[in-house]
Amino acid sequence: RFIAKPCAINLGIQDSGPHRAQPNAILEKVFTSITKSPDGKRLEGLSKQLDWDVRKIQRWFRHRRNQDKPTTLTKFCESMWRFTFYLSIFFYGIRFLWTAPWFWDTRQCWYNYPFQPLTSKLYYYYILELAFYWSLMFSQFTDIKRKDFLIMFVHHLATIGLITFSYMNNMVRVGTLVLCLHDASDFLLEAAKLANYAKYQRLCDAFFMLFGVVFIVTRLGIYPFWILNTTLFESWELIGPYPSWWLFNGLLVTLQVLHVIWSYLIVRTASKALVRGKVSKDDRSDVESSSEEEDVTSNNTKGISSTSSNGSNRLNGHVAGSQWTGE
């Protein structure tokens, strides 16, 4: 409110929402009580009842779906908050781990386990991360449903489970490595979204490409060969197969599977960007299911190819047209 909003206004971001649908009691009743994306048969019935063209009714439903979505200013403020948190917690983690012996030698994570001291800095690092991921878990259900909703849900569950489980079992040393590694790329994605909202396309593309490189290096390189190596092999060698070994490593391997899926989507987005000259859409998310259904309906009712569904605004990083959409 006091920092992000003034920054957005200075960058020329207006607090204006999407076009509002004209009042219509019949369509409003269908929208609130029956469906937000009517099929071809229902569109034909409404067309006869209202004496409206089918395309006009489709536009009404599209505008009605979009009018309650947040403005670009709101999304900018949200991304700036996340950018601030990710950047701050990443540098806090790096500063803390730089003097930690297990940062340079992962075998230190298991020496004298489980009798390892819990310092105040380590405690606050854990509590801040846990609180933030719980907030993401709850806010996901109030956000507009996204294409990677299930993947993100599994990710948040695995992350919260890992943070809680490692804290309860005093595996906080290796836990700090996992947390810091995951924070290394997140603030770059939020920076790309901020540049996108401010319509700095080249800066947006640069941040997104940098995010992709850091993401792939950390999640497909450092994570399996550094983190999984110590949790799977070094821990087995130094302290043996402790009772919770399978659950702990199962959660870590689940995260690795999600890393592979996201890396594929990031690479696909980057490949399209090289062809088109700019990042037009992040395939990891941001496809509105209602817009896709409308396009299919349009094809069925009119027999013509529909336009891209990217024209509708989306939560957490979407803009109209062919510009890059955020998350």
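A Cβ is built for glycine as well, from the same backbone N, Cα and C atoms used for every other residue.
Keep in mind that this is a model prediction, so the values were computed, not measured.
According to TrEMBL:
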{"type": "DOMAIN", "residues": "27-71", "note": "domain 'Homeobox'"}
{"type": "DNA_BIND", "residues": "29-72", "note": "DNA-binding region"}
{"type": "DOMAIN", "residues": "74-275", "note": "domain 'TLC'"}
{"type": "TRANSMEM", "residues": "83-103", "note": "transmembrane segment"}
{"type": "TRANSMEM", "residues": "123-142", "note": "transmembrane segment"}
{"type": "TRANSMEM", "residues": "207-226", "note": "transmembrane segment"}
{"type": "TRANSMEM", "residues": "246-267", "note": "transmembrane segment"}
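Sequence-remote contacts of a segment are chain residues at least 6 beyond its ends whose Cβ falls under 8 Å from one of its Cβ atoms, and for the transmembrane segment (123-142) they are 85, 89, 92-93, 96, 149, 152-153, 156-157, 159-160, 163-164, 167, 172, 175-176, 179.
Using a Cβ-Cβ cut-off under 8 Å and counting only residues 6 or more beyond its ends in the same chain, the transmembrane segment (207-226) has close neighbours at 106, 177-178, 181-182, 184-185, 188-189, 191-192, 195, 255-256, 259-260, 262-263, 266-267, 269-270, 273, 279, 282, 324. Across all of the domain 'TLC' (74-275), the predicted model scores a mean pLDDT of 89.
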